[in-house]
Amino acid sequence: MSEEKTYKRVEQDDPVPELDIKQGPVRPFIVTDPSAELASLRTMVTLKEKLLVACLAVFTAVIRLHGLAWPDSVVFDEVHFGGFASQYIRGTYFMDVHPPLAKMLYAGVASLGGFQGDFDFENIGDSFPSTTPYVLMRFFSASLGALTVILMYMTLRYSGVRMWVALMSAICFAVENSYVTISRYILLDAPLMFFIAAAVYSFKKYEMYPANSLNAYKSLLATGIALGMASSSKWVGLFTVTWVGLLCIWRLWFMIGDLTKSSKSIFKVAFAKLAFLLGVPFALYLVFFYIHFQSLTLDGDGASFFSPEFRSTLKNNKIPQNVVADVGIGSIISLRHLSTMGGYLHSHSHNYPAGSEQQQSTLYPHMDANNDWLLELYNAPGESLTTFQNLTDGTKVRLFHTVTRCRLHSHDHKPPVSESSDWQKEVSCYGYSGFDGDANDDWVVEIDKKNSAPGVAQERVIALDTKFRLRHAMTGCYLFSHEVKLPAWGFEQQEVTCASSGRHDLTLWYVENNSNPLLPEDTKRISYKPASFISKFIESHKKMWHINKNLVEPHVYESQPTSWPFLLRGISYWGENNRNVYLLGNAIVWWAVTAFIGIFGLIVITELFSWQLGKPILKDSKVVNFHVQVIHYLLGFAVHYAPSFLMQRQMFLHHYLPAYYFGILALGHALDIIVSYVFRSKRQMGYAVVITFLAASVYFFKSFSPIIYGTPWTQELCQKSQWLSGWDYNCNTYFSSLEEYKNQTLTKRESQPAATSTVEEITIEGDGPSYEDLMNEDGKKIFKDTEGNELDPEVVKKMLEEEGANILKVEKRAVLE
């Protein structure tokens, strides 16, 4: 029997060929390689289409590039990402929960614009100085936003949508208010969405070619590069990697059933996909982090999140070096907690307000004299030693606080904050001059050999290298700390308790600073070993993950994932001079996507029941392609949306936008099936439906454009636009009429210069100025300790009143508020 070819020629504007189904020895099978003609049907080969795409590009550019210079002050998260660009240019290390690529791109653009990092983007509403190329940085973001629209058009064409429908779908995306808003400012969302769109586009392009062809491999490589760049901008890109991986498994499954494919060719394709779609993204991810570490070489406040080994790779760090190695009785030491960022075992002359009401023992993250402890033998406290005695495993000691002259102490009292925990006891500092202490001051050193450096550090305590536990001799509990903060009375320092259970690593300590008068000057010294690239890479990811999951503080504009598909509320980005910028989606497109997802789900369920009842299913090529492509895109929607329900951190509407992009792609196919199948005998009617939908989308965009561009509006128009109560932009800020704006004088709020700018320093001798005098002066006050760490004014007041602290220096900056 001769083999009959089922593929048939189609019109250029109808790019969905028939499925190529062949009869095998036992069953029919689908030929997975597309027709050689498919690529020509779905790519721009006509002058008309090229001109249409050019017009689309111009239209999109006008929308996104319009008025980028306004607002001329910091908007929303430009506070963070503009500030990070400044840090890159200055080379000062900072901490962020996102990978570095998008931030580095902004820094590169700013550097090309001559930016010296002399503006910190400190507060929303701070006016940009003339030295900050913020328009250029926003232009970069807007350009990526415009290119994303073109990528959507090309993606729809590659997945089988006819030219005119793809064009109108892309225009709907171009006027989607939320995407316009995020692409006009210095935010991570525009680069992220561009890279995700590029990955989707490249993978859909790959599907047009035979699996082992050169064009297919080129498209796979492009997909891998885009996935790497998306993942290197925000971890959301990993969801896109997952989506591509699921589609690869889908296609490989059908390839296994394709009798025209040999096992060798299938393995070759599988290996290529692993290399291009996992290997390339991971390699790029590593490269971008390497550049990140190489660019940020100076120690700064952001580096305080990291280990001493990490910080020792940075210039101007304050990490102790050349520490005396041997620790013994009579040594004055500082004890550092291993597993939290809490810092050093600390005490100060403030008591607990409840419990024993004895002196507080805490963790303090900065170097300070109140971190110093003298090691004493438990049965000879205060005894003068004549020979050096090493601190070994099993030694029973007491820790004498050198500043307040009391000893580390535990007893049967509830801890100050974790009072509901029956496995933790209070740790205090107890004693007074002339008092030798009691048995509740006794602690037994237990060296943790597994976590200590190999060799002598496992036998006796060596500074930095030996990790050990301190067991309370009376109760058997261990000196413990965890990420629980004391209230204001404890200066928000980290709680220290004595734990009879809990995580082992939270009971581990090590000696950082160490001195002993009985050791000779030439005694062996030790320093932190600078972290390798891999160590820094791993540690930075642990910190990113930890900080990200702990972003749980309530926010006035946060929203829950369940509300996102219904656009119940937006986010205020900026508000000044009787104008607002507010993130809100285009309700016409937004709700259409949500409705279509529900309708498509019902259609699929109905079809499955019909098929189960033995009724024939539709085999029309357009319907088949519609189902396949929509399932692909809704799978992308689900992969990007579902993880939001597992996250316990703050969530905002813009977290929905990657999933929403896939929803709009699926909606594009819904519009196409209306034209190509629902109204197949009256296509003009189908096009009329699509044009009506487009017109409604454009109208919504135009009506709500004042909160995109931060332009004048009236109270009446604003109030009429608030369709839902959650659309809570402030209409009272607007004037009653547009005429009033013509007579308005715009005000500017200048910001403080960056930390590197010149300041007038005045050193104050003696006790310095009083807190009250300083607070009564005009201007913003920033208090810092001697290590440069910013302090809360109320904490400063308490320190001045109760600890005898002094104000040593006043830095005066010329600031216009």
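Each Cβ is built from the backbone N, Cα and C atoms, and glycine gets one as well.
Summarising the annotation, Swiss-Prot assigns N-acetylserine to S2.
Sequence annotations record features per position, and here Swiss-Prot assigns transmembrane segment to 51-70 (among others).
Note on the transmembrane segment (136-154): residues 44, 53, 56-57, 60-61, 64-65, 68, 82, 85, 105-106, 109-110, 112-113, 166-167, 169-170, 173-174, 179-180, 182-187, 190-191, 193-194, 197-198, 200-201, 205, 661, 664-665, 668 of its chain, located 6 or more positions outside it, place their CB under 8 angstroms from a CB of the stretch. The transmembrane segment feature in Swiss-Prot is assigned to 136-154 (among others); the stated evidence is experimental evidence.
A Cβ distance under 8 Å defines the sequence-distant neighbours of the transmembrane segment (180-200), meaning residues of its chain 6+ beyond its ends; these are 63-64, 68, 75-78, 81-82, 85, 98, 101-103, 105-106, 134, 137-138, 141-142, 144-148, 151-152, 155, 174, 222-223, 226-227, 229-230, 233-234, 236-237, 240, 244, 573, 581, 583-584, 636, 654, 657-658, 661-662, 665, 701, 708-709. Taken from Swiss-Prot, the feature transmembrane segment applies to 180-200 (among others).
With a cut-off of 8 Å between Cβ atoms, the residues of this chain six or more beyond the transmembrane segment (235-259) that come close are 22, 24, 29-33, 98-99, 192, 195-196, 199-200, 203, 207, 211, 223, 227, 229, 266, 269-270, 273, 277-278, 281, 632, 635-636, 639-640, 643, 655, 658, 662. The transmembrane segment annotation in Swiss-Prot covers 235-259 (among others) and is backed by experimental evidence.
The transmembrane segment feature in Swiss-Prot is assigned to 274-291 (among others); the stated evidence is experimental evidence.
Here Swiss-Prot flags 324-378 as domain 'MIR 1', drawing on sequence analysis.
Other Cβ atoms within 10 Å of the Cβ of N390 (N-linked glycosylation site) number 15 in total over all chains. In the three-state DSSP assignment, the secondary structure recorded for N390 (N-linked glycosylation site) is strand. Marked as N-linked glycosylation site by Swiss-Prot on the basis of sequence analysis: N390 (among others).
Residues or ranges marked as domain 'MIR 3' by Swiss-Prot: 459-514.
When secondary structure is read from DSSP and collapsed to three states, N513 (N-linked glycosylation site) falls in the strand class. Taking the Cβ of N513 (N-linked glycosylation site) as centre and 10 Å as the limit, one finds 19 other Cβ atoms among all the protein chains shown. Sequence annotations record features per position, and here Swiss-Prot assigns N-linked glycosylation site to N513 (among others) based on sequence analysis.
If you look up Swiss-Prot, you'll see 585-605 (among others) marked as transmembrane segment, on the strength of experimental evidence.
Below 8 angstroms of C-beta separation, residues 66-67, 70-71, 164-165, 168, 171-172, 175-177, 180-181, 184, 574, 579-582, 584, 586-589, 592, 671, 674-676, 678-680, 717-718, 721, 729 of the same chain, each at least six residues beyond the ends of the transmembrane segment (686-710), sit close to that stretch. Here Swiss-Prot flags 686-710 (among others) as transmembrane segment, drawing on experimental evidence.
N743 (N-linked glycosylation site) has a Cβ environment of 7 other Cβ atoms inside 10 Å. Residues annotated as N-linked glycosylation site in Swiss-Prot: N743 (among others).
Geometry remark: N743 (N-linked glycosylation site) versus N513 (N-linked glycosylation site), CA distance 65 Å. The DSSP breakdown of the domain 'MIR 1' (324-378) into helical (H, G, I), extended (E, B) and coil residues amounts to 3 helix, 28 strand, 24 coil. Non-local neighbours of the transmembrane segment (274-291) in the same chain are 99-101, 104, 217, 220-221, 223-225, 227-229, 231-232, 241, 244-245, 248, 533, 537, 540; each lies 6+ residues outside the stretch with a CB under 8 Å from one of its CB atoms.
On a Cα basis, N390 (N-linked glycosylation site) lies 16 Å away from N513 (N-linked glycosylation site). Confidence in the domain 'MIR 1' (324-378), given as mean pLDDT, stands at 93.
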